[in-house]
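Notes to accompany the following structure.
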Amino acid sequence: MSQDPTSYLILCAVCCSPCAASSLTRPRVKLHPRTSCCSSMRSWSLQICFRSLLLQKMAMEMNNHSMVTEIFLLGFQHLNNFKILFFSLILLIHLLTIYENVLVITLVTVSQNLHSPMFFFLRQLSISDLLEPMLLVPILLKTLINEGAKISLIGCIVQLYFFATTEALQCFLLTVMSYDRYLAICNPLCYSSIMNHRFCVKLIFMSWLFGLSFTSVTVITAATQEFCNQNTINHYFCDYFPLLELSCSDTSLVRILIITVSSPVILIPFMVITGSYICIAHEILKITSNIGRQKAFSTCSSHLAVVSIFYGTLFVTYVVPTRNQSQTIGKLLSLLYTVVTPFINPMIYSLRSTDMKNALENIIQ
């Protein structure tokens, strides 16, 4: 803080009494208390002056912060000669992902043989697998072409919101699908009465509701932070922690809140799925014939493979990494669940399901 008496004089002349301002310049003279206001008010006036200067300095420091309105995503830097190859590969996977998931949605909607609860849930999973790459891959391709891409702060937060929603939705959808497989194998007599169309719609509605609700808490909390100075994210999309790195305020409580809210969204569905498959495995072991065991296992093998890929990629990306892991490896691991998983899921269900193959043949013919 400046110690210039002239600054004190100006501030005191504005915010304090005139006698307080003049007390800084005229000689000290011992005056009677009843005849001098300055002798009794000098200490109080100077405190006001010092506080005013402090507030002025804080305001100037806040003005010096350039508030972030636009964010620059670095994407994958230094690919050099591999940039065109990497771009072509991502574009090909993206186009195939759109084709596969649209095909699954169309087959389940059109074919009467695929109107069972299992395929009803599969259609919802394909919708989720379609939304996520369409949200993230275009800007990834843009970063590869231009060696980076600009996105507004609001656009970044919106992207984060829908990305987190689709991830949470997949957790709940996979849980619902495991419950469907559990009823089909462990309680087949009551399966049709329990898993009616109305109940299936309720399960999907609750999955979307929970996904949107949990995501709203974390994203709104992250969005209320002040973002200033640095506006560069070393990633190809807006994720929670890379975005919080741009904040000029303390984000420790926000990070704790995000982990606290996100952990149940991931762990509780995982525990329910694990419990369901333990019961399913126990029931399959009771079957004496090998054909019966193979038939029972084939009904849930596709879902088990999708669950393993989904949680495996999340575990590798967010749990295994250490502080010494490079950011490039982290971005490559993120490709597993944002690009690769939506591409693989439809193939797993299509290759393992004879009903899907028959429905596709009927449409082609």
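Cβ atoms are placed via backbone N, Cα and C, with glycine included.
Record features, source TrEMBL:
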- 84-108: transmembrane segment (TRANSMEM)
- 100-349: domain 'G-protein coupled receptors family 1 profile' (DOMAIN)
- 120-145: transmembrane segment (TRANSMEM)
- 151-179: transmembrane segment (TRANSMEM)
- 199-223: transmembrane segment (TRANSMEM)
- 253-280: transmembrane segment (TRANSMEM)
- 301-320: transmembrane segment (TRANSMEM)
- 332-351: transmembrane segment (TRANSMEM)
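Counting Cβ pairs closer than 8 Å and at least 6 residues apart in sequence, the transmembrane segment (120-145) and the transmembrane segment (332-351) reach three or more and so form a contact. Confidence annotation: the domain 'G-protein coupled receptors family 1 profile' (100-349) carries a mean pLDDT of 88 in the model.
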